[in-house]
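Asks: Under the heading transmembrane segment, TrEMBL lists 7-23. The annotation domain 'Acyl-CoA dehydrogenase/oxidase N-terminal' is assigned in TrEMBL to 126-213. The domain 'Acyl-CoA oxidase/dehydrogenase middle' annotation in TrEMBL covers 217-318. What TrEMBL lists as domain 'Acyl-CoA dehydrogenase/oxidase C-terminal' is 330-476. Look at TrEMBL and you will find 525-643 tagged as domain 'ACAD9/ACADV-like C-terminal'.
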Amino acid sequence: MIKKFDTFFVSFHTFTLSFYLFVTRDSSKIKMLSSLRKFGSLNPYVLKRQSAVLRLFASQPTKNSPENGSKNKNPSFVHNIFRGQLEHSELFPYPMPLNDEQLETIQALIPPMENFFLNVNKPEISDQKGEFDPKVIDALWELGGFGIAVPEKYGGLGLNYTQLGRLTDAVGGNDLAIATMLGAHQSIGYKGILLYGTEEQKAKYLPQVSSGKVFAAFALTEPSAGSDAAAIKTRAVKSSDGKHYILNGSKIWITNGGFAEIMTVFARTEIVDEKGVKKDKLTAFVVERGFGGVTSGPAEKKLGIKASNTTEVYFEDVKVPVENVLGNVGDGFKVAVNVLNNGRFGMGMALGGTMRMCIQRATDHVTQRETFGNKLETYGGVQEKIARMSMLQYVNQSIAYMLSGNMDLGSNDFHLEAAISKVFASDSAWYICDETIQLLGGMGFMTDTGVERFLRDLRIYRIYEGANDILKLFVALTGMQYAGNHLKEVQKALKNPIGNLGLIFKEASKKYGYGGVDMTALAHPSLNSSAKLCGESIDAFGRAVTSLLIKYGKNIVHEQFHLNRIAESAIDIHAMACVLSRASTSIKLNLPSADHERLMVDAWCVEAHDRVQVNMRKIQSSDFNENFKRMAQISKNACEAKDVVQKHPVGF
């Protein structure tokens, strides 16, 4: 025991100096650090007293610690796991934001929507024709489907995020082309007006897009600017009389682009900063097709969501009134990011409905189909598939409604949770749909079954509204930036160690495995084993993030092999936490599904914890770090050849 604590205190002092060197890059301290690593064992009596001091101060907040209101405090659960900390204010209890009246409202809206899909919409016909029947669109307008999120005073239904999610679930389980059209219209098309519009803009446009049969679109992407919004070339120049911006440029892959009359358009504008320097910055505009100069290309031919309209949109000398600037001039990037963050929550709900539909088809088949004298459902391989599909749907739903619930309760720090929800939902839906086809066999490959259409439609969800690869990097880098800010607080504390012992000892104890995260007091007692696995994962994750920041500093942005594993682990940890919260509530309420939820949570957490540990090991492993270099070289060779590099086995 003495040897263990001896090692800890030597490591602790090394750790504090490492922080100092990381931030200051003070080379004069290198010799001191090297000498410190040669220290022998400490006096047992002193060691005993120091360990007691450690326990005392590690539990006490200091003036610089997050517990005492650091200016960098963030209530987001995901942000804080990057610091190896548990922030549960938006995690436990599971959010339930609907009051009785709101619940009654959404319960009344679901049957008409389901009736529409059963008796009016014909997705297989729309898919074949590549467009919706006008009667289908008219019926959706009559249902109020295009104004779900618009306040009632502007002609909409005025639903909150959770209510909207439940309606979106019904849409996603029936027709993803309609989900795409509706999402482009209200989740992002006119969302900027809801979030940033002036009262005059809202009064003018929201009644049109909610009940006036006027479509909206979101025009951001350009031929040279997909995930990289900074590469946008569309430009808006203020007219000589100062009353208009003259807009020129083009956008590609715009959903509803062929018929939208109102568009949120992003363009470069020249601004003068506070120092008098001219700069190009993005600005968001509300553009009407009726302004003139707005035209659209032909509808694109696509792999899936064929009935939804996707076109190029061209702007030629479009005169946009200055009062149609959305937000402030130069704030277009912020508008775009917040619109997309705000709109992503709906994807988890829609795809939750898709996953449910797939599971219904799969379970119906395996409980009826016999092979080798037994029902398919009796075979272990099939059981594993059904179980994994069921868990993914449950986890996705838990993440999505955790997000919408917190948004309804006033959360503003949800952009990492929104990104995770989008990534998890689109990846999981693809997996579940693919496995459904596998279980159905040849029948699943046939168009009459209807599942193959969903598989084609699902492919775009991993690309649009933020490609999953980019969103993973966004999660990793945003979280690591938050952790890096905390390291600066620690570095500052090291300049006055006596006055900041609590913060310093707390960080040292986390790094070396003392005083870890404990979630057992939050989760239901029957979920203790899973709660411990989640806590262990947060501890390991926080240590790995700190290690990477110390090793790479700002250059971590170039280490995408590591960043991907950080992102995957953050997703797994967030998923564990969400299901622990939801199942705890279900158990406390004694819901009929409580025991089944407990089974899924325990099974999920065992596997998720294992994935986190494997990813953390890969980050620390010299073998895997070397392997990352090999993979980089393999990629370089293939790209240089623009082909496979090796010859065909037959020689030509």
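Residue numbering: from 1, along the chain as shown.
From the backbone N, Cα and C atoms, a Cβ is placed for every residue, glycine too.
Keep in mind that this is a model prediction, so the values were computed, not measured.
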Asks: Could you break down the residues of the domain 'Acyl-CoA dehydrogenase/oxidase C-terminal' (330-476) into DSSP helix, strand and coil, giving a count for each?
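Replies: The counts are 121 helix, 4 strand, 22 coil.
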Asks: Going by DSSP assignments with H, G and I as helix and E and B as strand, what are the residue counts for the domain 'Acyl-CoA dehydrogenase/oxidase N-terminal' (126-213)?
Replies: 62 helix, 0 strand, 26 coil
Asks: How many helix, strand and coil residues does the domain 'ACAD9/ACADV-like C-terminal' (525-643) contain under DSSP?
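Replies: Helix/strand/coil tally for the domain 'ACAD9/ACADV-like C-terminal' (525-643): 110 helix, 0 strand, 9 coil.
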Asks: As a quick check of your reading of DSSP, tell me how many residues in the domain 'Acyl-CoA oxidase/dehydrogenase middle' (217-318) are helical, how many are strand and how many are coil.
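Replies: Counting residues per DSSP class in the domain 'Acyl-CoA oxidase/dehydrogenase middle' (217-318), I get 6 helix, 55 strand, 41 coil.
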Asks: Looking only at the domain 'Acyl-CoA oxidase/dehydrogenase middle' (217-318), what is the mean pLDDT?
Replies: 94
